[in-house]
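Okay, so here's the structure we're looking at.
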Amino acid sequence: MSVEQSTAPPVAPGNRPGVLARMRGTEIRNLGLVAVLAVLVVIGAATSENFLTGDNLENILVSSSVIGVVIVGATFVIIGGGIDLSVGAIVALASVWATTLATQSYGPWMMALCALLVGAGAGLINGLLIAYGKLVPFIVTLAMMVTARGLAARIADNRTQLVTEQPIKDLAKSDVLGIPLLVIILAVVAIAGWVLLNRTTFGRRVFAIGGNEEAARLAGIDVRLNTALLYVLSGSCCGIAAIMLLARTTTGSSTHGNLYELDAIAAIIIGGTLLSGGRGTIVGSILGVLVFTVITNIFILNNLATETQNIAKGLIIVAAVLLQRRANRS
Amino acid sequence: MDKLTLDRRRLFAGTGLLGAGALLAACTSNEPDAAPVASTQAVSSGGNDAAGQEVVIGFSAPAADHGWIGAITTKAEEEAKKYPDVDFQAVEGSNDVNQQISQVETLISRKVNVLVILPFDGNALTEVGIKAMEAGIQVINLDRVFSSPRGARTWIGGDNYGMGAAAGYYLAQQLTAKGVKDPVIAEVQGIADLPLTQDRSKGFEEALATAGFKVSNKVSAQFTVESGQQVTSNLLQAAPKLDGLWNHDDDQGLGVLAAIEQAGRDEFIMVGGAGSKNMMDLIKADSGVMKATVTYPPSMAASAVKLARLVGQKKGMSDLVELGVPASITLTSETITKENVDEYLSLGFES
């Protein structure tokens, strides 16, 4: 029941229904998001001649890439029935740790490794406390959020640390066959996430744990180990995002990743993932991020005040959730 | 270390307010041999620096999560350390006005002699300022203004309107000199709903208007590097060709510059705000869009501590004929360009 695949209605052989009826609920919802995106693209193109330029579309994708990577990891956690409020703070901590003089003097690879290890390590602490310490995810990750940001500020001594390694800075400007490297990183992480979620035993266990933890345990799943792994995965994604942010901003700072936790939850929810766990898709979450990035872009292209933008975002979240409830009932 | 402190103290005895700030900045900066320029000539201080009656100074400011605020806190602490007759009691910085009010109340109940308060929000901290004043504790209001003059004995702070005006005049003058007609001018604000941001924008617009120019694109960031990068990358798409750009804040400026570099843009001139060391280095190098920055010096915190000491010791400012410290001191916002950057380098703060 909890597994996504099982929500598809059984189809009697020889009685092939129409295309829409054959699609699963999540795919219909993703189609709805694609429709929303299409409407936004039409609005963007109609209100600004600069919207449909290659440069601008590239800008939208690159802008989505950092938070996009964070969201892939956070989607796993939410499908698994948990929540990770510490993603923004872990991004900040990983960025600051990677830009300390000690790590910068060993070059770009050491910086990247450092960011990854800090992200995975913070995720591991979250995971151990939640899975083996039996503490509530909300509380543990809230504590991590405050602690990691404090630690980041302490390490950086409240300064913004400049990235001195040119290879890291070049990440933001490089492309492969015209596609920006940051966008490729997001694509790789998203595809890896999709495969892990939909084509592996681990993925099926995540759905099972999120749907009904007790049933999953009775079915012989090591709930604790798999739950802990979810947070390690989320933290590792934050580490990757931190490396990308180092390139984008050419700095490490304790203010990086500000409010990522809320942006992530908003995008994941409008992407059709249930906050109570057990159901969700990576594609939906990525589409959710794109919706928000396109709105920001349209607002700035049209020189509109950014406060109004937040109202628009809020309304979209409510509308998306209302639509999902209708879709679920029918 | 002791010898260094002593030497420093001897140097300071006898320098003016600005000179002291400049030297202080030189000592805190990471440049080992940054020679303090135009600040070492001895000015008669009229004996104000001589040890006097013991003064307990309480200090409260927002959380040091930002280069400028960080510099405010360290400059206040370091200034206080120079006076053996000052007992400096700082509370942990907070961006929660409710918490800042409680912290100031704690300082009041500890019966400090003088309070230096940089409120996160001037309006919200006014009442507790009045409470302190009525309890007989003199308050020095630093930078963000209380809504009532009853809340403070003296206000000292920067000139936000003047900062915008300085940036506007500089851009207007540069673009006019180049003979640009109808320039496209963009503005990257800090947090849009703070009064200080609105004052900066007003000054900028009014100064541009004197040349018949206006702001074409305006975006707001959050004073952070990441937000500066994010809004600027979109802004540059909105304006495929720019003539001038003013960024309100040099801390978020690192992100603004990263976005400009990543977009491969260099057809315009950029002016910064506040006067960070990073930006001054770029202005000095003169290798990119960054041509000037308008100051909003964090050394004002050191000045506030000096004023608090004078108020506590019932002294005046020796360059004025008045018996007491004035009620209000507004610092000027100066424009730093390649021509004068060497004079200011020692005042720059690390982002």
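Backbone N, Cα and C atoms are what each Cβ position is placed from, and that goes for glycine too.
Copied from TrEMBL, the annotated features are:
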| type | residues | note |
| --- | --- | --- |
| TRANSMEM | A:30-47 | transmembrane segment |
| TRANSMEM | A:67-97 | transmembrane segment |
| TRANSMEM | A:109-132 | transmembrane segment |
| TRANSMEM | A:138-156 | transmembrane segment |
| TRANSMEM | A:176-197 | transmembrane segment |
| TRANSMEM | A:228-247 | transmembrane segment |
| TRANSMEM | A:282-301 | transmembrane segment |
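Highest Cβ contact count with the transmembrane segment (A:109-132) among the listed stretches A:67-97, A:138-156, A:176-197 falls to A:67-97 (criterion: pairs under 8 Å). Ranking A:30-47, A:138-156, A:228-247 by CB pairs under 8 A with the transmembrane segment (A:176-197) puts A:228-247 at the top. Among residues of the same chain six or more beyond the transmembrane segment (A:282-301), those with a C-beta under 8 A of the stretch's C-beta atoms are 26, 29-30, 33-34, 36-37, 40-41, 43-44, 47-48, 50-51, 56, 59-60, 63-64, 67-68, 71-72, 74-75, 186, 190, 193-194, 197, 263, 266-273, 308-309, 312-313, 316.
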